[in-house]
Amino acid sequence: MSKNLIKQGAEARVYTTPFLTRAAIAKERFRKTYRHPLLDKKLTDRRLVQEARCLVKCRNIGVDVPAVYFVDLENRTIYMEYIEGKTVNDLLADGAAITTEESDELAKKIGEALAKMHAAEMIHGDLTTSNLMIRDVNKSLAIIDFGLSFITSCSVEDKAVDLYVLEKTFLSTHPHAHHLFLTILKVYGESYNNAKSVLRKLDEGK
Amino acid sequence: MKSNTNVLIALGLEGSANKVGVGVISHDLSTGAVEILSNIRHTHITPPGTGFLPRDTAAHHREHILPVLTEALKVAGIETEDIDVICYTKGPGMGAPLISVAVVARTLSLLWNKPLVGVNHCVGHIEMGRQVTGAENPVVLYVSGGNTQVIAYAEQRYRIFGETLDIAVGNCLDRFARVLNLPNDPSPGYNIEQYAKRGEKFIELPYTVKGMDVSFSGILSHIESIAPDLLSRNECTPEDLCFSLQETLFAMLVETTERAMAHIGSKEVLIVGGVGCNLRLQSMMAQMAEQRDGKVFATDERYCIDNGIMIAHAGLLAFRSGYTTPLENSTCTQRYRTDEVFVKWRE
Amino acid sequence: MYSSSLEPFPSHGLVHISLYRNVKNAKELRKRLLSRDTELCYAFIDARVILDKFQVLVASNIAIYNETHNKLITHNVHSEVVYSLSPSTNIRESLKNHGLSDDSTDVIIVKIGDSAETVQAHLARIIKGEERDVKEITSCVDLARVKKCYKIVDGISDREELLKAVIGSIAIKNLS
């Protein structure tokens, strides 16, 4: 298998790899040696399953994410669709290379996707602009890296924190695109019934 | 006694939980040297199976603070006129015990005509940890009977990255020690640690990490409910339970600390607070840090466990940056968040 | 016929996928399968519920994984392929919906192991139908049947999106 390492985080290594005639991503979670082996296995399994389930659920509620192909619990690996595209982080890094129209279009896609997720009580857990991608083929927005995702029990706080993480990315990495974030919140507010309490909580936290 | 006027001396009084401590520290402003002149402490220990209550704890502090203070001054070998500032724990902690110590601080301040500085207990732990270990800018894991926080310094505040959503990890351990009727001498946590060393069987317990936060009430209620049954049926030993509890609790702490490290790109971890004395926790943290090319710093029981010297040290740092607490503001507060303190003495 | 090894199991041998159309003896084959005829060591799949060859490969991959880790839910790796195509954990239902029916005319056959020549020759002997290029799999599908089978309630019209939804439900089926 010709694997290519493309990312290494605290939790996993991410490779590109061919998988049954398709280009795929293999996300392999680390063994944490500081944990008791039984605990490590239990936790890793649980997290893998959670990530796979969240990805499949997103697809069911109309949020574009990498398609799950195969979950290999024994080897702590998920195989999923390799998405051809650019991250929003890369797009915004160009600075002025994005028009107001494009910016509004982007904000609309992001706001709507987040609204759908939160309406389904799903928290992404790591919403940064590096985890938002625009597909080359149809310019649709795809959300990636659900390694920290979970289903919440209607917690306004969890949803506010989810948005707060995204806001911090904008503030620290794309300060010039702050209006884009504000448009995201506006669209989110319009697309999600319970957005008001979430947005209020987000405001309170500051 | 104080010949060198470029040396500042602080007296620190601590009593937020069941330890009453007095410490004397000196900061040499010309050389930057910090010297611990004395660090005396007395612990209120209750019978096995019980925990300490605010009223009895305050009574204990009232009974022992003057002897502890006298001893601290004697060991430090200083006169009252050598003292530049009196520091006391403003909070967080238990109300009555905090006040019993604050009263002494205020009285001394009036009696000896010295300025007062109210200190945040957590900041005391952090500053003492930094001083003793030399850690530059670590992610701090502060774990004790009353607190569980993951902290990192940014722009003159000790920012809380993650914390417990309910009880502190030390509280969880202490309460389980009561279920097993372990002695509280020297501390319930210490005895759990010794039992855990002899444990072999790993029993699955709930593990709750949410983002950067942790939750311990679930695992506590679970182990409290299954323990009597498992023990009576000889399915495991108390040692096995202590072992399993530690492995699970500490794994949660190490995970959130690792997340904070990854998030801010830090390679140092400093563990402070009473639970920081635990060698298993230190070892697990070290294993994690090693895999990230990082390093763990920890202190021994002189500084891990609540003490007066850390209050003196943090208080003196604040005093040197121009901070004092006027008498009318020298209250105590049970809830005092770490990030409320303006850390003027750092960049 | 399509033959390939699977990346996660490089030393496991080949997986062969064959498509037969205008099959006349589905009933007979089914009877033989039910009586555990050892000559029929294959997975027989009704092509109406298959969108794409990839779907078959994913199910084969899962079947081999289960066999390798001693986690087979059905009797053997071939019945496991059919079972793995289904989003349901009910074995009977899975085999009924995805395996051979008496009225199956377009049939996909999967063989794990063995050589392409042997398999091709044997299939030609036992199946009364026309072997076709596996590319034609996409023409055999009955979309309504697929949506019913995989409980896709949404109005997904895009074939690729439908395929992703199907693969996803297969992938998470046996996760605790």
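We count from 1, first residue shown onward.
Backbone N, Cα and C atoms are what each Cβ position is placed from, and that goes for glycine too.
TrEMBL annotations: computationally assigned, not manually curated.
As the structure is a computational prediction, the values presented were derived from the model and not from experiment.
With B:Tyr142, B:Val143, B:Ser144, B:Gly145, B:Gly146, B:Asp174, B:Gly189, B:Glu193 listed by TrEMBL as binding substrate, the candidate from B:Asn39, B:Asn234, B:Asn278, B:Asn307 annotated for that site turns out to be B:Asn278. Per TrEMBL, divalent metal cation is bound by B:His121, B:His125, B:Tyr142; the candidate from B:Asp306, B:Asp339 named for the same site is B:Asp306. Shown are the binding-site residues B:Gly146, B:Gly189; of these, the residue with the fewest other Cβ atoms within 10 Å is B:Gly146. In the three-state DSSP classification, B:Gly189 (substrate binding site) falls within a helix. Of the chain residues outside the divalent metal cation site list B:His121, B:His125, B:Tyr142, B:Asp306, B:Ser16, B:Cys122, B:Gly124, B:Ile126, B:Ser144, B:Asn147, B:Val272, B:Gly273, B:Gly274, B:Met310 have their Cβ within 8 Å of the site's Cβ mean position.
Of all Cβ atoms in the protein chains displayed, 26 besides its own lie within 10 Å of the Cβ of B:Asn278 (substrate binding site). Neighbour density for B:Tyr142 (divalent metal cation binding site): within 10 A of its CB lie 27 other CB atoms from the protein chains shown. In the three-state DSSP reading, B:His125 (divalent metal cation binding site) counts as helix.
Ranking the binding-site residues B:His121, B:His125 by how many Cβ atoms sit within 10 Å of each one's Cβ puts B:His125 at the top. Inclusion criterion for the binding-site residues B:His121, B:His125, B:Tyr142, B:Asp306: a C-alpha placed within 10 angstroms of the C-alpha of B:Asn278 (substrate binding site); this criterion is met by none of them.
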